[in-house]
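What TrEMBL says about this protein:
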TRANSMEM  A:31-64  transmembrane segment
TRANSMEM  A:76-97  transmembrane segment
TRANSMEM  A:103-121  transmembrane segment
TRANSMEM  A:152-171  transmembrane segment
TRANSMEM  A:201-226  transmembrane segment
TRANSMEM  A:238-264  transmembrane segment
TRANSMEM  A:270-289  transmembrane segment
Amino acid sequence: MMNKVLFAIMLVAGLVAPFLAYPVFVMDLLCFALFACAFNLLLGYAGLLSFGHAAFFGGAAYIAGHALKVWGFPPLLGILAGTGFAFLIGTVFGFLAIRRQGIYFAMVTLALAQIIYFLCLQLPFTGGENGLQGIPRGELLGFIDLGNEITMYYLVFAIFLVGFGIIYRAIHSPFGEVLQAIRENESRALSLGYDVDRFKLLAFVLSATMAGLAGSTKALVFQFASLTSAHWQTSGEVVLMTLVGGMGTVFGPVLGAITVATLTHELGSFGSWVQVILGTIFVVVVLVFRRGIIGEIHHFVEQRKAARASADND
Amino acid sequence: MQVILAQALLGLNVGVFYAMLSLGLAVIFGLLNIINFAHGAMYMLGAFIALIGYSYLEQWFGISLQIGFWGSLIVAPLVVGLLGIIIERTMLKRLADLDHIYGLLLTFGITLILQGLFANYFNVSGTPYPGQPEVLGGVLNLGFMFFPTYRMFAIVFSLVVCFATWYVIEHTRLGSRLRAGVENPQLTQAFGLNVPLMVTLTFGFGAALAGLAGVLAAPIYSVSPLMGADLIIVVFAVVVIGGMGSIMGAILSGLALGLVEGLTKVFYPPAANTVIFFLMVLVLLFRPAGLFGKEK
């Protein structure tokens, strides 16, 4: 019930947003929201903390950008190329990372992502520290000009909804249930006959691919693939978004991404203080607000339900 | 041959920093089951304490005092260790019963805070540390080559610290108590040892090691707010390769990987900053638990 209401709100807000706010900014939010949802699939449902998701987000942006700019791919195919790249490295990284558990998993993903970061910095086609610039937006299906911000916006919103839908389906399927069983108790899931490693790998690859979709879309929107997107700090930011909104909730990451990205945007003029503020939010959330915004609301509703049920019984 | 030896020594120089940091991570991990992401930030903090103590005390705080290099070797680890103790007592303690990832996330937040604070006042491209003592200036004639005296000092000094730590943990009464705390905290506490105090002091000690490494690094690399963040990720890979089950394993893998990195600079420079990550991939493929690993 709550999810339906939230979805309706999100849909309406998404449709009217470009008329109320600067479209490019809202597109940025949507890309981060999809990125956070993809990340949440892994952390919130499979219980795996990846500290290397910037590799998929940022790496895909470079490949999409290169395909659009140099190979002259049409927009959708360019995004597909970036997403496909994220799928490939997601498969490799996932295969390697699930060989270690818990805290090691986080360190392995972080270190692997650093390889992609250095590739983005050093390969000849990436533009080094300046990033890959001048990516053309092109024309959708050959005749819809994406230079128009409003047109571009609705394409991004559609991509977001597709990605969100895929993640939603994955979570609310038998596959998602098994993931949660693994998160709660890995040995139990294993003893019930589930091939735990395969489920973890699938979740990892799906999450990486969707992160790649978000990153490729961002490259098309900004016509720019930046080194920042592939930096470990971006991996940290997506963790923060998910935590603030509520990990393991469907809409938490969307809300978290909007909150954190807006905050970063608004505080842009404070320079390095932004980092200090984000760090402080991190510390506060981890110490006293681990359920996140949506998680706290869920908790509150559940508690009231329980209270009412026990009152009825008396 | 000259070039190879020179790069090997320079690599060893990097290796001692890896060793000191991964040693600190391993010591902390043993007792707290936490990966301290802020370890890199504490290393940076150590370097900045040396820099500020030498150049900015009067200008900023109006204290007409200059803390030289030797003084920093004592002051910086104390300050950083104290900060570690405060962080453990006020924050990490509350997370002890939760999933270990929360410890990692908390220390990540602390990293952002420290890094952001220093980035406000110092150039990210680095400030040189002017306080290198004159005794350690110049070059040393090793017979087969010349090597900067200071770097040689940093290598020897770090090795002494690393092996002293190993000795204390593996061969003294204090160390045996620590190891008992790692093995079974409840039982150790039941024998009347103050485990929470041990945990706090251990975290403080690990942090102090990072601070000390920072001071040693200050005259070699320029002091920058980002110096720790870049390093700590490599050290994570070192720790994954070595496994955190053994103190000696952490030291040796740090040294060895520094050496490998140095040699890569000779044979294929572009791969120098990623070679350790690729080695990590190989280790994950063929020996997933790490070279000295016993997984927890």
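Note that Cβ sites are derived from N, Cα and C of the backbone, with glycine treated the same way.
Nobody curates TrEMBL annotations by hand; they come from automatic prediction.
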**Asked** Apart from its near flanks, which chain residues at least 6 from the ends of the transmembrane segment (A:201-226) lie with a Cβ under 8 angstroms of it?
**Response** 24, 27-28, 30-32, 34-35, 37-39, 41-42, 45-46, 48, 50, 53, 56-65, 68, 75, 78-87, 89-91, 93-95, 97-98, 126, 131-137, 146, 152, 156, 159-160, 163, 166-167, 170, 175, 179, 238
**Message:** Restricting to CB pairs under 8 Å, which listed stretch, A:76-97, A:152-171, A:270-289, is in contact most with the transmembrane segment (A:238-264)?
**Reply:** A:270-289
**Message:** Counting only residues 6 or more past its boundaries, what in the same chain has a CB within less than 8 Å of a CB in the transmembrane segment (A:152-171)?
**Reply:** 14-15, 17-18, 23, 26-27, 30-31, 33-34, 37-38, 40-41, 45, 75, 79, 137, 140, 146, 179, 203, 206, 210, 213-214, 217, 220-221, 250, 254
